[in-house]
Amino acid sequence: MEVEREISFRTECGLYYSYYKQMLRAPSIQQGLSELISDNATESKRTINLLRRMNIYQEVFLGVLYRILPIQAYLEPVYFYIYTVFSLQAVYVIALFITSWLLSGSWLAGALTGVWYILNRVDTTRVEFTVSLRENWSLPFFALQIAAITCYLRPHLKPIQQKVVLWLMFLATLCFCLTWQFNQFILLVQALIIFTLDCLDLISTEQVTCLYLVQVSSLLSVWLLQFCNSMILGSLALSFIVAALFVKHFQRGLKTGGLAARLGKLLLHTVLVLALTFTIHYLAKQALQLRSDEHIFKFIKSKFGLGPTRDFDASLYLCEEAFGLLPLDTFDRLAGTLLAYPYLVTLIVLLVMLALVTLANLCDSSAVGRPPKGRCEARPICMRADVAYNLLHTVFFGLLALGTMRMKYLWTGHMCAFAAYGVCGKELWSLCLNMIHCNTKTKLRLIRYTLPLVILCFLYYKFWPKLMTELSELREFYDPDTVELMTWISSKTPKKAVFAGSMQLLAGIKLCTGRVLTNHPHYEDRALRERTRQVYQIYAHQSPEEVHGILRTAGADFVVMEDSICYERRHGRGCRLRDLLDLANGHIMDGPGDNDPDLVHASHPRFCESVKTDGPAYTALFTRVFQNKTFHVYKLRRGKKRAKADREPVAMQD
């Protein structure tokens, strides 16, 4: 059934897909766009510009494309959407293929990259079970951008080729930024990589400037397309790039002098850039009154023990496994497909080479002004700029993945291309053969082509039967309780009814029923985060009057409570949603275990449990209108006189 297909878009995926559905159901494309720009159904009592707040241009584009293409008769909208996202994953693999081919000069490296990506898909992509997640749209474009950068940094590239590649780089960066709200943090890491390459004198000044300008122009283009979204102007990435370009312009003697002098200058240069970055960032946030991204910085501070541990927003992230450290079993899986071994060997060898090349660059003051490719020809050990970029890329994003598991998808795909380069690349094998004094073209070619073929044959023998078994499995989504809830809401409640509840469930209600929400999973707005924390008091120790007042302030007509949250067992004590609320409210947590000495016993029972008793204090304000094994729906009563009359009995009962 359609409702079963739609509830399979879990959490924020359902919210994003609902806008694609909204574009299809609008009387015209113009009206559909107008409804998205002036939306009053996503957040009750508020009219918001969804194109400004969220990264949903892809849903708008697909909605328009589906309407104008003659495919409605034989392809349903949901399959058009899913097939498009899956096709983008093919683009992702093609981009990784190109990157490894450019680095190694062998198409076998590209083939090995694609095979590794598919066999390690548990760690390289989440597209199988979170189709409409923003990263599934953006990472293919990010991979294309990396391929374009790799091509741009190749030696002996003609000026016309450089211009074409820069335009491709800009388009890929623009699409990447437009489709994911975390683009600014990814571009910040990439800007740090470019900054490091510049400091180590591995790329030319012209290349540095061009790469920075591509990033800036992409961010500013997205700022315009998102109706002047202030989060972009106040981003750390933009502040860092401006600071780096400004300091670089005025610090012209950076790459002169001996080793000690250059190291001192580099240290001073780095300090100046970082100081100016944080100054620009602070001033921009003050001028724009920007506080929407503060939850990210709270999370980072709390993760390293630098911020409050009871902050509700930060704790929501810290308690999720996806935002924890990378599990060690990830490396077991990567080793099982023979990916981890060549990756680690390549990484270690290239890091040693990078250290030697960097030391040579810093000591050789006569090389200043000469292009990096000219220096390479005069030295026994050198490193191409495109290889250096990809090396630092895998190091920086690897550190990010080790610290936050969700970020591994930025790392593992590139890891496949990097390891394939190690297996098929000329430089590494030439170095090894030189060390044993038997470097000939025939032996080099034999190794470069034989080893990847042996690995591919082994992977085919080991994994082909398993892949065929997985492809033959057909599964059907089964969640009768949620289907029953959605069917009841669609048929028994007014179309303009406002629903309160958990962020994840409300996204599904928006998609399946079109009802108005109090809150939703897109957590990038400060006012919405505060409202979500207030609505979640239904799972805290609060009086019925307090909860009723909170929900009415948010405009709710119905509230949906879930037993899976009220009696949660998925997380341990201290990370259950009810525990986070208790800590934020200064209350002692449930169950056996230690509590901080400043926490106090709550003066009211837990609302989600007590409302089921149908006591007079609760029935005066809430009427149960639906229930099954998973969900309980209550309608809020509006009569103030009734509530007033019942206050005395409530106090006596408490």
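Counting begins at 1 with the first residue displayed.
The backbone N, Cα and C atoms fix where each Cβ goes, glycine too.
The shown structure was predicted, so the numbers you read here are calculated from the model rather than taken from an experiment.
Per TrEMBL, these features apply:
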TRANSMEM  56-74  transmembrane segment
TRANSMEM  102-119  transmembrane segment
TRANSMEM  164-182  transmembrane segment
TRANSMEM  223-246  transmembrane segment
TRANSMEM  266-284  transmembrane segment
TRANSMEM  340-360  transmembrane segment
TRANSMEM  381-403  transmembrane segment
TRANSMEM  409-425  transmembrane segment
TRANSMEM  446-464  transmembrane segment
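Counting Cβ pairs under 8 Å to the transmembrane segment (102-119), the stretch among 56-74, 223-246, 381-403, 446-464 with the most such contacts is 446-464. Sequence-distant contacts of the transmembrane segment (266-284) (same chain, six or more residues past either end, CB-CB distance under 8 Å): 195, 199, 233-234, 236, 238-240, 242-244, 246-247, 251, 254, 290. Where the transmembrane segment (164-182) meets the stretches 56-74, 340-360, 381-403, 409-425, 446-464, the count of C-beta pairs under 8 angstroms peaks at 56-74. Taking Cβ pairs closer than 8 Å, the transmembrane segment (381-403) reaches residues 99, 102-103, 146, 149-151, 153-155, 189-190, 192-193, 196-197, 200, 202-203, 207, 303, 325-326, 347, 350-351, 353-354, 356-357, 360, 372-373, 375, 410-412, 414-415, 417-418, 421, 427, 431 in its own chain, all 6 or more past its ends.
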